[in-house]
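Chemist: Before anything else, here's the structure in question.
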Amino acid sequence: MEEAELVKERLQAITDKRKIQEEISQKRLKIEEEKLKHQHLKKKALREKWLLDGISSGKEQEEMKKQNQQDQHQIQVLEQSILRLEKEIQDLEKAELQISTNEEAILKKLKSVERTTEDIIRSVKVEKEETSGESVEDIYANIPDLPKSYIPSRLRKERNEGIEDDEQNRKALYAMEIKVEKDLKTGESTVLSSIPLPSDDFKGTGIKVYDDGQKSVYAVSSNHSAAYNGTDGLAPVEVEELLRQASERNSKSPTEYHEPVYANPFCRPTTPQREKVTPGPNFQERVKIKANGLGNDVNGSIHNIDNGLAEERGNNVNHISPARPIPHPRSMIQQAEEMPHIQQERLMTPWEEPNVMQDKYTPSPKSGLSPSRALVEKSERQSSSPPCQEDEKDIRYNIVHSLPSDLDEKEPVTMIFMGYQQAEDNEEEKKLLTGYDGIIHAELVVIDDEEEGEGEAEKPAYHPIAPHSQVFQPAKPTPLPRKRAEVNPHENTNHKSPHKNSISLKEQEESLGSPIHHSPLDVQIAGDGTEDPSLTALRMRMAKLGKKVI
């Protein structure tokens, strides 16, 4: 009650203080108005006094004096009113100060008497405990027409609390046996296995280590006996972790995944695999599929690959020209080097065959093949050339230089694929091209060292970007231009037809006075057993200038 009275007194003090502040503000406004009137009358009195000095008649002078006296009287009244209002304002300010002081005192008393929220909650609890002595049954007894068998929900809950706590009356909906291995050093628990059990057959054997009303955990030793020694209760976090591990173990799929398998070689990923992959038993079939993907008939190609593996491994000069580069792992490089030899034979154009025939008839220490072997391969090429001519418009290939002989087979192989744009056979374009009469003019410039002599072997230097393209550099280069015989792209494979302005390589060497004279068959094989660079450069030039070579 004291707190309520203090609150009322405080509110009254605040109200009085507010009224006094309003009166003070009104009186100050009135003082401002009185001061304005006072200034106006003073100015008027001075003006009349100044006019009075210039008037000579007596009547006017008397009237001016009376008016001046009235103004002086009003000025005095206004001055007194201003002084009175200022005094009243001072009194009101003092009263306001007094009220503020009383308000502060009341506020201090109120704070000392006022209860906090905790005190209020505590008092409410105490009052509730005091009034709880009244029975619930007595409350419901006052309700008319209530059946005697009715039991309130509160009473039913209180009566059933003891029954619900009984373990025997609770039925398990789901049971699971989890085998857990605990590390005594780190204290971590690992789930080894989890087996669901029928809820009807479950018997709560062992020691209860956890129970939150929804889940119960019993500890049982490995021999299905209760382990009383060293068994402690489990924390909720540990129980949740065990359940999570058990659920993850059950959700794991036994399916084993492997790398994607592509039937079409052109659908394989461009990123090379880092892991070593061993060739499977179906390698011959894969080779057959890859060869068929180029649009050529390769019956008998697998037989040639199998028979030539021992001879061609490490020494064979291979050419691969797929539609795009296909990466291979290191373990597949040897097989990949052997496969494209047949593909290059299928992709050889008719006007390129005469140059290749010279190389096939001559035994080469690099290829390791006998002349009879070369003849067999040539006959196989001739038998397979018609389907190549049929699909010549659709097949696109590139010329790739041979691998160096001293390259380690275990190292990765980098291949360069050079593409050329197809030139359409238009009469207008032929007119624009100066000197074009339907014949390809292939010119080869060979830098040779004639002063050093023939005994010094040529050393191959490799291009920094393409290690498979060889450029032969002698120790001291002396440029001597040589021109290769002109070749018609439509030349037949069985015979050569000479053209005008075509000079053979032998005639060029004789005209230039070269000390070295070779037959057309010997020129193409160097002294060290490697392929003559003129043949390789001529192939590149012909592929670059040909109409149907892309």
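Keep in mind that glycine also has a Cβ here, set from the backbone N, Cα and C atoms.
Sharing the record's features from Swiss-Prot:
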type     : residues : note
COILED   : 2-106    : coiled coil
COMPBIAS : 248-259  : compositional bias 'Basic and acidic residues'
COMPBIAS : 483-494  : compositional bias 'Basic and acidic residues'
CROSSLNK : LYS125   : SUMO2 cross-link
CROSSLNK : LYS179   : SUMO1 cross-link
CROSSLNK : LYS179   : SUMO2 cross-link
MOD_RES  : MET1     : N-acetylmethionine
MOD_RES  : SER135   : phosphoserine
MOD_RES  : THR271   : phosphothreonine
MOD_RES  : SER321   : phosphoserine
MOD_RES  : SER370   : phosphoserine
MOD_RES  : SER384   : phosphoserine
MOD_RES  : SER385   : phosphoserine
MOD_RES  : SER497   : phosphoserine
MOD_RES  : SER514   : phosphoserine
MOD_RES  : SER519   : phosphoserine
REGION   : 248-280  : region 'Disordered'
REGION   : 356-393  : region 'Disordered'
REGION   : 463-528  : region 'Disordered'
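Are these features on the surface or tucked inside, and what are their neighbours?
Modeler: Cβ environment of LYS125 (SUMO2 cross-link): no same-chain residue six or more positions apart lies under 8 Å away.
Annotation for LYS179 (SUMO1 cross-link): spatial neighbours VAL191, LEU192, SER193, SER194, criterion Cβ-Cβ under 8 Å with sequence separation of six or more.
DSSP gives LYS179 (SUMO1 cross-link) a strand state.
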Chemist: Mean pLDDT for the coiled coil (2-106), rounded to an integer?
Modeler: 86
